[in-house]
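*Asks:* Under the heading isopentenyl diphosphate binding site, Swiss-Prot lists K80, R83, H112, R131. Sequence annotations record features per position, and here Swiss-Prot assigns Mg(2+) 1 binding site to D119, D125 based on similarity to another entry. Residues or ranges marked as Mg(2+) 2 binding site by Swiss-Prot: D119, D125. Marked as dimethylallyl diphosphate binding site by Swiss-Prot on the basis of similarity to another entry: R130, K221, T222, Q259, K276, K286. Here Swiss-Prot flags 1-22 as transit peptide.
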Amino acid sequence: MRPRYSLILSAMRLIRPSNRRLSSIASSDSEFISYMKNKAKSINKALDNSIPLCNNFVPLWEPVLEVHKAMRYTLLPGGKRVRPMLCLVACELVGGQESTAMPAACAVEMIHAASLILDDLPCMDDDSLRRGKPTNHKVFGEKTSILASNALRSLAVKQTLASTSLGVTSERVLRAVQEMARAVGTEGLVAGQAADLAGERMSFKNEDDELRYLELMHVHKTAVLVEAAAVVGAIMGGGSDEEIERLKSYARCVGLMFQVMDDVLDETKSSEELGKTAGKDLITGKLTYPKVMGVDNAREYAKRLNREAQEHLQGFDSDKVVPLLSLADYIVKRQN
């Protein structure tokens, strides 16, 4: 076992036997995929309604219409809807209703879509394929894409504030907005992307430093918005501080696991299978989990993160927690 791999495993807590019993109640793959599709259907409908192409049947002003088209292009089709689904499930887990968290769930997905648009720009990751189709700037141009990204983040705040009309207290709504703001800025996505860009030209003194940098980068770039989805959902559902913290810890593990598997698939699958450019990180010399610890060890780390995630769900209702257990299993097994 490589020293750098043993470092990261030593940081993981031992999994108690009770966690194995909890994981055994996760639904089957087919049941969960059906569950995901049903949730995604509700989410997609809400997202579609959030960005109209007309106003009371009157076409939008042409410049605004073009921005709306760009927003919809990245937001609506494709995507697993992991983040908004997590937001809804977290709300339900602590006793809330799906409808209560739907605006916030849409907001989280809008922030995610906005970040994808920026990440794909030539000055950032310079990608031309996303979800099996040309990236936003390839279709609408860089200027309109940047405007669309800005508009999506603004709309995310507006969506969350609309939760007050659903009976959510202003205090909870404010807390949710603060959590989203944290996830977007230099405590979250911005920091992660900056670290990703800097990592391309950075040298490390030893393997441990390289691994620590990689982990910190993806805590910010990937895991932070997954955390925000769970936290905001629990806030909307009226969860206690303890419940919110446990869901946040679960979501951090899930977010890191998602990135580990994303890196693995980038090296082991084709562009056609992934719906995006495969192998690009390897070509550009970016830090990835397979590069640091190898593909097999990266897969093993993802499995350990899965068990760690399940540990944080101890004590929740055994029926309501099934979707979260199944989500973690789904991510560690995913093929695209």
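Every residue, even glycine, has its Cβ placed from backbone N, Cα and C.
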*Asks:* Using a 10 Å radius around its CB, how many other CB atoms surround T222 (dimethylallyl diphosphate binding site)?
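*Replies:* A count of 23.
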*Asks:* Going by C-alpha positions, which of the binding-site residues (D119, D125, R130, K221) is nearest R83 (isopentenyl diphosphate binding site)?
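*Replies:* With Cα distances computed to R83 (isopentenyl diphosphate binding site), the winner among D119, D125, R130, K221 is K221.
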*Asks:* Take the Cβ of D119 (Mg(2+) 1 binding site) and count every other Cβ within 10 Å, whichever protein chain it belongs to.
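*Replies:* The answer is 18 other Cβ atoms.
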*Asks:* Can you tell which of K80, R83, H112, D125, Q259 has the least company, meaning the fewest other C-beta atoms within 10 angstroms of its C-beta, among these binding-site residues?
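*Replies:* Comparing Cβ neighbours within 10 Å for the binding-site residues K80, R83, H112, D125, Q259, K80 has the fewest.
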*Asks:* In sequence order, which residues at least six apart in the same chain have a CB under 8 Å from the CB of K221 (dimethylallyl diphosphate binding site)?
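*Replies:* Once residues fewer than 6 apart are set aside, K221 (dimethylallyl diphosphate binding site) is near L189, A191, G192, Q193, A195, D196, Q259.
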*Asks:* Can you grab the distance from D119 (Mg(2+) 1 binding site) over to H112 (isopentenyl diphosphate binding site)? Cα atoms, rounded to a whole Å.
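*Replies:* Each residue's Cα considered, D119 (Mg(2+) 1 binding site) and H112 (isopentenyl diphosphate binding site) end up 10 Å apart.
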*Asks:* Starting from the Cβ centroid of K80, R83, H112, R131, the recorded isopentenyl diphosphate site, name every other residue in that chain with its Cβ within 8 Å, sequence order please.
*Replies:* G78, G79, R81, V82, E109, A113, L116
*Asks:* Counting Cβ atoms within 10 Å across all protein chains shown, which of the binding-site residues R130, R131, K286 comes out on top?
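*Replies:* Of R130, R131, K286, the one with the most crowded Cβ is R130.
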*Asks:* Given that the record lists K80, R83, H112, R131 as binding isopentenyl diphosphate, what is the largest C-alpha to C-alpha distance among them, in Å?
*Replies:* 16
*Asks:* Round to the nearest Å and give the CA-to-CA distance linking R131 (isopentenyl diphosphate binding site) with D125 (Mg(2+) 1 binding site).
*Replies:* 15
